[in-house]
Amino acid sequence: MQISVLVALTLLVLIAFGFLTGRRRALSVRAQGGPRLHSLPNYYGYYIALWTGGPALVLLAAYGAFGSGLVNTLAMSQLEREAAPLIAEFERQLDADAQIIALLEEAAEADADAMEAREAITRARDSGLDPQAFQGALAGHTTRLTEIGARLDQRRGEIARSVAARAPSSDAGIRARSGFEFWNSPRERRELFLADARAIAFGEGLASRNTPELRAAALAMRPVEDIFRWSVAALVLSMAVGGLAWGRSRVKASFRARNRVEAAISGLLMFASIIAILTTLGIVFSLLFESLRFFASIGWRVGDFLFGLQWSPQIAIRADQIGQSGAFGAAPLFAGTALITVIAMSVAVPVGLFSAIYMSEYASKRVRAVAKPILEVLAGVPTVVYGFFALLTVGPFLRDFALFLGYEDAVTQSALSAGLVMGVMIIPFVSSLSDDVINAVPQSLRDGAYAMGATKSETIRHVVLPAALPGIVGAVLLGVSRAIGETMIVVMAAGQGANLTANPLESVTTITVQIVTLLTGDQEFDSSKTLAAFALGLVLFVLTLMLNIIALRVVQRFRERYE
Amino acid sequence: MNRPASIRTAVEARLARRHRAERRFQFYGAAAICLAVAFLALLIGSILIQSVPAMTTWRMTLQVELDRAAIDPRGDMSEASLRRGGYNAAIQQALRDQFPDVEDRAELRELFGLYSSVNAARLLNRVVQDPSLVGGTVSFTFPIDDDADLYLKGVSVRESRAPGPAPVRIQAGEGRAVTLSAEARVFDAFVDDVREAARERARILEQRAERAEAALADAIDRDIRAIYEAEARRARAQAERLRDRLDEGAPVVIGPQIPSLLVQVDGAVIRVSDVSADRRSARGEMVISAPLGEAAHSDWTLWTIETPQAGRLISDRQIAWVDALRERGMTRSGFNTELFTYADSREPELAGVLGALIGSVLTMFVTMLLAVPIGVGAAIYLEEFAPKNRITQLIEVNINNLAAVPSIVFGLLGLAVFINTFGLPRSAPLVGGIVLALMTLPTVIISSRAALKAVPPSIREAALGVGASKTQAVFHHVLPLAAPGILTGSIIGLAQALGETAPLLMIGMVAFIADAPSLGLAGFTEPSTVMPVQIFLWSSAAERAFEARTAAAILVLLTLMVSLNAAAIYLRRRFERRW
Amino acid sequence: MAYDAQPAPATVYHPAPAGMNIKVAASDLSVRYGGALALDRVAMDIPDRSVTACIGPSGCGKSTFLRCINRMNDTIETARVSGSIRIDGEEVNDRSIDPVLLRARVGMVFQKPNPFPKSIYENVAYGPRIHGLAASKDELDAIVETSLTKAGLWKEVADRLHQPGTSLSGGQQQRLVIARAIAVNPEVILMDEPCSALDPIATARIEELIDELRENYALIIVTHSMAQAARVSQMTAFFHLGALVEYGPTEEIFTNPRDQRTQDYITGRFG
């Protein structure tokens, strides 16, 4: 850390020095009465400063981003190599262990039972009956599966410990143990392991544990890190000095310093605008990459994922386990998303559209001055607040109301309460976008209708709205895309049950809810459970992207027509 | 010629109807606006009302004796020694002194349940700062347990008190057991109420059984029949049992499902365990003892706690103790400063938003540092420098689409790229800030471009006309004029990011974090949470006291956002320039 | 300008020539937009079955005057109209007059053609539909055909009645708008610079049309072009700075103006 600070400070001093050198040189050229300077003296200073700092800073940034990862990988792969005999022994014992084989069989059995229970639930639903008892049975099987999973993990842990214990407690043995522990950890534990080892080695934060294995890893990291640090420091400083010298050698009266500096500035600006593209590419590639891994883990049955009717990812204990195939059918999520979107839009479109009409055609200036900011406030309320409102105010109210009307199975977390509140959230989007397009309809069209003797509402319904229709459709599509991608309201208020239902009083789950459920809590990163979240994210991204593109196109066409 | 007349009659015939349609249409518009306004009022109103219980908190003040041997185990008054002292035991002793007759272990646990032992750490800090306190008695004030707090605020437990209708005689039995007996049927009202409630429940159970039986008749599937049969049998049996208990001749045993009955007499509190069938006498035990004597008491209180024990988290005894503490002036209600000065905690009474506030500040700092320069730079490039070609067009379309990508997708990006690929720390404001910056970027770019576009071309032409380069014209003339608009757009973008939750869930900022992150460079990589996530976490917490605290946290967040937006509006008004 | 110094003879009453039926009569008619006086105490009579042209430099109040006749000024929030304007002796500004009914009786054509975003057929049928002038589909078809024929557009569009009105050329669109106006069989037709957005050929067609329409309607047109006024109108009114300066038979105004300002305007000294 101290070296990096020292390097950074030296670099700053060099940059300042470079600037002053450039300036002084330019001034001295002028003082000697030589040929007229092409640019102002400061530009020569900027030019040299750029050459001093630019390449060095890029290198430093790259080191900051990738340096520690590289050190970790190098150090740990060395330890893993040393642990190769332990790893081989562990795998041999795993395959031969009677208890594990029995547990795997038991898991397969429980999985089959769970499948059966799920079928029974479907049968009960189809015959219009209450499937509660089977749901109980299913929950039982699920718990059993989880228990078996836990026992499997436990047994695997035992074997791992016994294997590790065989290594001698010499330095080499502990290094091997360290490599073995790292190899045998799931992804998240690996992160923790690395963080702890780094904490011990370099004092970055506090270590949560301090074991001989961690100390061995820390010891392995230190020399690698030292080499890296010193070589990067040397490289950075020599690049800075080299850049300074090169820049200095170029400063002459005829040198077009300003143009060079300006080219650099505009390059920097272009880079800023490319970040937007990089973000999109980052989204597309990360989603695609992880989704492909997910599809590979379910045997490329993409159709089962998109159209399967069973969503219960908690059943699948690990990727290599049989029976998880049926658990990743996302159709109930799509149906839930659609149901909530429909409810939300049936609130947002009429209210938003009529507000926009009233605001742009009827309201006096004073009403507009009050109502418009209020709608804007509605748009600015964080979604988590809407979620809280849906969960604690709207949900209970709707449940009590449904109970009052004699609907016995009413629940607090229902599609209706989430949809209604989401609709309120989307009102301002629909209304402000519609307001814009309605205002963009030329006054001459309205005048034409008024001059025919049309009343105000006839003018609006027959002339203004048809003219604004494409824009309004665009606004609604953007609203739909918003509803599909909204997360917090549904996470808090729509429930968790992956029910394939059209009943708004039942709880449903959506794409976004499942992404959150799959990625929060304690999970290993590489399981198909977590990868499934990325596949859902990809579906969500593609869906909203298509809606956005269509909507933006439609609105653009509309604007071109009237502007 | 009757031409004009005919038009007139034709138009007039429909005029009334058309005007009605007109008024109807206008009414729909006004109604839509009113509906939107009503939603907002309901939203804010319900949150305000829900937050009321969290605005104040009840605190207990105890005189804690800091025994030298217990507090300074090594006897050298060093900090290390003081840190090993038995502070919680000292607080426990102070509480026991108030209720000396509590002996039983289970009862003691209930008594100590009136506060969280985490408070001992505060006492420790006080002593470490001022070692001269050791050996004396300090007056220590701390928040009372959340369930007791809710009871004292009267929001979680329904209760009623009535004067005893006739003199009662109290006979002490073994230990603290007592028998109450009176000449009149003093427990009449209580027993009637209990029986009425039980009757109602039995009726509901029977209804459920009937429904199950009806469904059974329709069911075909064997498994389904089994379910309904079991359901019907269970409900019938329960109803039967209740009906049995309703039998007039039987005594009423007070269980967890029915209201509790306490009797207050001459400073003592008796918890009644069963009422005899004649409704004149009852048995119970002293919760708070006092010498009562043999004579009949005419001045006594029937204290019914209508919420049954199963429906609340505070026991009868705890209610009696808390009530006694209040009587003795040892509890006091005051403004809930803990909410603002403490970080998160599992104990609602010790949970505050400070940690989340600091997390939000750090996260927003990163977001601002990234989103504003990059966004403004991109806007300047696209608006002033970019050639109008297909690449520029692609960037523009891309930015517009990025603005409408669901925020959770940015969270997935952060998880996959920054955490898993670059190995940045989880749950850290650094990563949260980067993700939110990418999310805010399109907003900043779009509003900055609008601000730049609003600067008339004549300014650029004038600058170019006197020989400035393009870069000079933009940076010396256009940018200063567009700055207010850019600033406003950036602030609005930041306010949006401040309220964002979903992407931060993806990068692990949902963890429970009991220590506020440090407000320095190290804080950026420490695990932390932010305001909206804190709200989400509290809203899903089981303790009822968190409900009000969630609402209060929402108010804090909304206040922050309103002030940010107000700053944006002020800037816009102050520096707005129209051409 | 020197003319500003002259006392404005604003309240001078301008009668129609004897022997003609008076259709529209204005007296003491003023209009303010916010604080600005746009029309200053205009008083004139406009004859039936003839074309009256309003000329004058930009911003002289001629369009404002036109918009008073069918109360289009109601749609502008800041406009305040005072004084009286009567059609067939009936006060237009009276509270009891429904602007909907008034506008059914007074058609209007605007500067830029503004067909509705509907088909050609629906554009013409719009007025009869909302006012309930046709009892059946056949009757409506007949009205559409007659109106388009009167507007001289029938032959050009008969085979594409259901294409959007915006698909027509500018001149055709303006004739479509005229057809739309005459479909409700109004008594007065107002035209606000109907040819300013058209090419010379289309302009000639419209002028012909105006001349034909004179048979049945009272037409009032605002025009920038003095030549057009001279070609199509029987009466001409010259507005300047919100005041009606001179009004009389077209021939008289153009050959022997009484007011110096009129003289200067028609000879092109200002405009």
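If you go along the chain as it appears here, the first residue is 1 and each next one adds 1.
Note that Cβ sites are derived from N, Cα and C of the backbone, with glycine treated the same way.
Residues annotated as transmembrane segment in TrEMBL: A:44-66 (among others).
According to TrEMBL, the coiled coil annotation covers A:87-120.
TrEMBL lists A:227-247 (among others) with the feature transmembrane segment. A Cβ distance under 8 Å defines the sequence-distant neighbours of the transmembrane segment (A:227-247), meaning residues of its chain 6+ beyond its ends; these are 3-4, 6-7, 10-11, 14-15, 17-18, 21-22, 47-48, 50-56, 59-60, 63, 67, 70-71.
Annotated transmembrane segment per TrEMBL: A:268-289 (among others), in sequence order.
According to TrEMBL, the transmembrane segment annotation covers A:333-357 (among others). When Cβ-Cβ distances below 8 Å are used as the criterion, the transmembrane segment (A:333-357) is approached by residues 311, 371, 375, 415-416, 418-420, 422-432, 434-435, 438, 460, 465, 472, 475-476, 479-480, 483-484, 490, 494, 498-502, 504, 508-514, 536, 539 of the same chain, each at least six residues removed from its ends.
Summarising the annotation, TrEMBL assigns domain 'ABC transmembrane type-1' to A:334-551.
Packing against the transmembrane segment (A:377-398) from elsewhere in the chain are residues 410, 412-414, 416-418, 420-422, 424-425, 427-429, 432, 486-489, 491-493, 505: each is 6 or more residues past its ends and has a CB under 8 Å from a CB in it. According to TrEMBL, the transmembrane segment annotation covers A:377-398 (among others).
Residues 336, 339-349, 351-353, 355-356, 375-376, 378-379, 381, 383, 386-387, 389-391, 394-396, 398-400, 402-403, 475-476, 478-479, 482-483, 486, 489-490, 493-496, 503-508 of the same chain, all 6+ positions outside the transmembrane segment (A:410-430), place their C-beta atoms under 8 angstroms from a C-beta of that stretch. TrEMBL lists A:410-430 (among others) with the feature transmembrane segment.
What TrEMBL lists as transmembrane segment is A:463-484 (among others).
Look at TrEMBL and you will find A:531-555 (among others) tagged as transmembrane segment.
Per-residue pLDDT, averaged across the coiled coil (A:87-120), gives 79.
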